[in-house]
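J.: My questions all concern the structure below.
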């Protein structure tokens, strides 16, 4: 537990730095008129503006916009074929790792349906940790709303830089965690082989796969149910609270659509999201702190959470939502590695992250649709592709885990998906950025209050 607290303190510093960056950017954009007025007066006094004034002029021009709709008609051609293959592979691997974005919300839904029947690999409980999801998901939804607003305001080049930094760091952390889990599985398989030899079984006999426990098991008889119905396998109270948060956020987004941007009613509707998210996550956090609920999926069987840890995990939920809304993702790129750090088995981490991601990605789709930021025909087509890909990916990878006896495959898939996303999305962003520089297009911040989709 001391090691976990050390990791929490180290992670808290990163969260504070990131939130400070976002806050400074938001304050910078909000200071439009005063700053721009000072620039105009100083520029008139000097024909040669300073480097600072040129930089501010580059980053902020209130009457300029760098975003333009580029939505070609949906036609079946070679670009669609290539996009289908890339989308299929991305959705298949992303759904297994518990990551993805708004455009693969169909993959998230189909993956959740697939996981609703499954049980924890070593404990007598569902593979989805509903208490963990209930702690993170409301704050994730709150962060999504902030992230979508940042996406409208931030220039494309800044989004690209943030994406590359975050994805490279997260994928590296995930790869190291995968290597650690792989080594543990290797030791477990060797010990199992020795036990078979001591019992007189031939050394050439293949060791049957038994999932690696996250912690010493309190159920030595391993009498857990192998398969139950969905009705028995779902924790309906916790799922109901998750759905309640989603419905409230959806209602607020629809209500906000009918109000002028930056009006009093607009900000009131936005602020109403805070008590909803804090109330539900706070209810779960208090229960975890008092020991009335536990994160049972890590196999510890007790709850030793401090107030600081619970605040940190909720902050990670907001951060994941901000990043997910800003970059058009579902937040799984942060939640997956976070759950693994909590000692949750890879299968449970993937399943739980996907549940939370389903709510957040679907909400980001709603918000981007209301902002008219994506073409509906392409989105519907990719949703269909991603739904099929997710079912195929889940089935194939689960079989591979059983055959190879390596649940760490999920972690490596997670890390690889994040790394490939950093290279591909980052590369496309850099190419677009260079094109804008050559065409001398505006590359500064957008004015949220003047945005019209």
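Positions of Cβ are set from backbone N, Cα and C atoms, glycine also.
Just so you know, TrEMBL annotations never went through curation; they're auto-generated.
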J.: Any idea which of 42-63, 130-151 is down as transmembrane segment in TrEMBL?
T.: 130-151
J.: Report yes or no: does the transmembrane segment (267-289) come within contact of the transmembrane segment (378-397), defined as 3 or more CB pairs under 8 Å with a sequence separation of 6 or more?
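T.: Contact between the transmembrane segment (378-397) and the transmembrane segment (267-289): absent, because fewer than 3 Cβ pairs are under 8 Å.
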J.: The transmembrane segment (310-339) vs the transmembrane segment (157-176): three or more C-beta pairs under 8 Å (separation of 6 or more)?
T.: yes
